[in-house]
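Trainee: Found this in TrEMBL, in case it helps:
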- A:Thr156, A:Lys182, A:Thr193, A:Glu280, A:Asn403, A:Ser408: substrate binding site (BINDING)
- A:Thr193: active site, nucleophile (ACT_SITE)
Number of protein chains: 2
Amino acid sequence: MSHAISPLALPFPAMPPVAGVALRVARARYKTWDRCDLTFVTLAPGTAVAGVLTQSRCPSPEVEWCRRALVLGQARALVVNAGNSNAFTGDRGRQAVEAIAARTAAHAGCQPSDVFVASTGVIGVPLPIDRAEAGLDAAFVATPCDWQAAAETIGTTDTYPKGATTTAIVDGRPVTLVGIIKGSGMIAPDMATMLGFIFTDASVDPAFLQGMLTAANTRTFSCITVDGDTSTSDTVLAFATGAAGNATLVDDDSTGADAFRAALTDLCHQLARLVVRDGEGASKLIEIAVTGADNDRSAHRIAMSIANSPLVKTAIAGEDANWGRIVMAVGKAGEPAERDRLSIRFGATQVAEAGLAVAGYDEAPVAAHLKGSEIEIGVDLGLGEGSATVWTCDLTHGYISINADYRS
Amino acid sequence: MSHAISPLALPFPAMPPVAGVALRVARARYKTWDRCDLTFVTLAPGTAVAGVLTQSRCPSPEVEWCRRALVLGQARALVVNAGNSNAFTGDRGRQAVEAIAARTAAHAGCQPSDVFVASTGVIGVPLPIDRAEAGLDAAFVATPCDWQAAAETIGTTDTYPKGATTTAIVDGRPVTLVGIIKGSGMIAPDMATMLGFIFTDASVDPAFLQGMLTAANTRTFSCITVDGDTSTSDTVLAFATGAAGNATLVDDDSTGADAFRAALTDLCHQLARLVVRDGEGASKLIEIAVTGADNDRSAHRIAMSIANSPLVKTAIAGEDANWGRIVMAVGKAGEPAERDRLSIRFGATQVAEAGLAVAGYDEAPVAAHLKGSEIEIGVDLGLGEGSATVWTCDLTHGYISINADYRS
């Protein structure tokens, strides 16, 4: 956490423990830094797991490991490495993941396939197995820590630790959901979060948990973007320990399924926005709501075209109501759009309607809105019922400074 | 031309006149600036025209006008406005184009459909018809000017005027090709150049000229990107006056067709690279060559994914051989790729092969290459015979400075 704290940062919330989950952190020294960089989480026997993973065609061996392990739907431990993503490291990378899983399984008394592994950091440098093992050994005997310590330990270029929590009543019992997440660049469509971990004491069937997480992802993590770049390591895992003792949620008809789904979606939404708030160099959080599109998918693509446009993002950074750049971004999305039906607003102020500037358009309220730290852009295409909302941040000198000298 | 001249700028070349083409410039005062901003070109009777236009779904009325006029294949005049793109201005925008075409046609003694119009500048502000007409009246009586004056007049945020020339022997006669172009941002796939105009004294059938221009565009203007954004006004027009007196080129079997095609492609290539060299804030020209892809289209998409990645572009700005970001950009392209067959080079130095860093990789020659102003990135996918080469520039603080306060 070497850069100045994002001006959009939120304080770390009070987060309750989750029965069946124990957190520990240690120093594996993956980089020459004086901080914990290995997170070790144990999970009660019977814990269900679901996950969404990067769509990258060049994923890290950790992602491939998790993809296979998810098929079984059971988890007993999670290991997260920060400082080295272990991506693009060939056989040595695979060996590192296998070594971590084996050692953790031996310690926890479970199968290696019950162990989930995620790593984040520089690409192309094999994760040093000796350091991982020494870090694990230290973590195994460490005193359990709180959510904030774990959230800090999974971070890399993040400028603040990110966590969120919510609750639901399921089958008459209160259940807790918490999540921690890291990521501030390489955040993009089709699986946004670099690394996010959700824990609940609810009892949920793995397949049902997977369905709910996938659906929530579509409306949250897949709707955020910082720079349009997609990590080789993007991972969101959700663990349900079952310690709350509710009758296991198995499908939509289970008692409390709706409440749990809503809580899970809300949690994902909170976590996703926390990542955008730490977008590299961000000074403004931008919400882009597209309506009136041919369909939801088309609306999403148009919203992402706006959200990823460097010209739109620099205009917002400059507090410039340059709505022409939004027209440009709609036009380049390749989706159905008719220039003369297009309407655009900033905040509550309509600036363009039916293909041209609103008569007597007063820029003053728009200028005032753009001076704030949370910007709303609304685009109505006037074609159909499709809609989507996405979140991004502005593009500033800070992004250049962070990324032009990341490795040095 | 308000910003510092690009460090990648090339001097304006000596460019010969083209028989049948006369250039004039004038002050229409589309903005409060003390410079010419209207270019008026007259073309000899019988001039053939071809064009490629923006793929934007929200094009300017000028683009729609040119699209219709191109069907006829004949041109007598070209008017280019700088400082106001007239895009997204509804009926008033259409009226402005019609007024310009009508006045120009009356002056030139031709049909309005023989007049081509292009405009560049801010979006959403109707082009003032009175200023256009006054500018045209001044241009009609102006002394003809040279290519450099015209190239300067079509520019907006360009930091230097851009022109190129070449020659060919067609049907035993020397023919001349010249081009001028403007653009330094909103440069992206599927029709890159903001405004480019090519002139030749060769005699070419309009349909054949269109075919050659479309093919050249695929390998040149569609292979450059500055920021992934696409203008609502992108236009490249090619005019062939026929004054050289060659037997008209009508198809591939025409004498000299190959030579003309090669010259046209070379000219487009020169012009396209000139635009990248003026990429907003650019300090380095980056050539990205992708080989071994499934097919050429796939190679092109992967190359563009790399070329548009903010993380790749900032790494190059920082002279950082962060090839992991190239792996990331390959992975996110959504095209066939196998991590363990991927090879990457910077300049002549192989840095990764078969999915991991080259054994004993020495970063010194790569660091030296990255300190230069022309960077080469090579990616081999190891899958098939598909290849593509694209050009982009790095992403620097200059881009932010230019675009965060463009309108002010």
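The backbone N, Cα and C atoms fix where each Cβ goes, and this holds for glycine too.
Unlike curated records, TrEMBL annotations are generated automatically.
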Trainee: Sub-8 Å Cβ contact with chain B: please pick out which of the binding-site residues A:Thr156, A:Lys182, A:Glu280, A:Asn403 have it.
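Mentor: Filtering A:Thr156, A:Lys182, A:Glu280, A:Asn403 for a Cβ under 8 Å from chain B leaves A:Asn403.
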Trainee: On a simple 10 Å Cβ count over all chains shown, which one of the binding-site residues A:Thr156, A:Asn403 is most densely packed?
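Mentor: When each Cβ's neighbours within 10 Å are tallied, A:Asn403 leads.
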Trainee: Based on Cβ atoms within 10 Å, give me the single least packed residue among the binding-site residues A:Lys182, A:Glu280.
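Mentor: Comparing Cβ neighbours within 10 Å for the binding-site residues A:Lys182, A:Glu280, A:Lys182 has the fewest.
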Trainee: Which three-state DSSP class does A:Asn403 (substrate binding site) fall into?
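Mentor: Going by the DSSP assignment, A:Asn403 (substrate binding site) falls within a helical segment, counted as helix.
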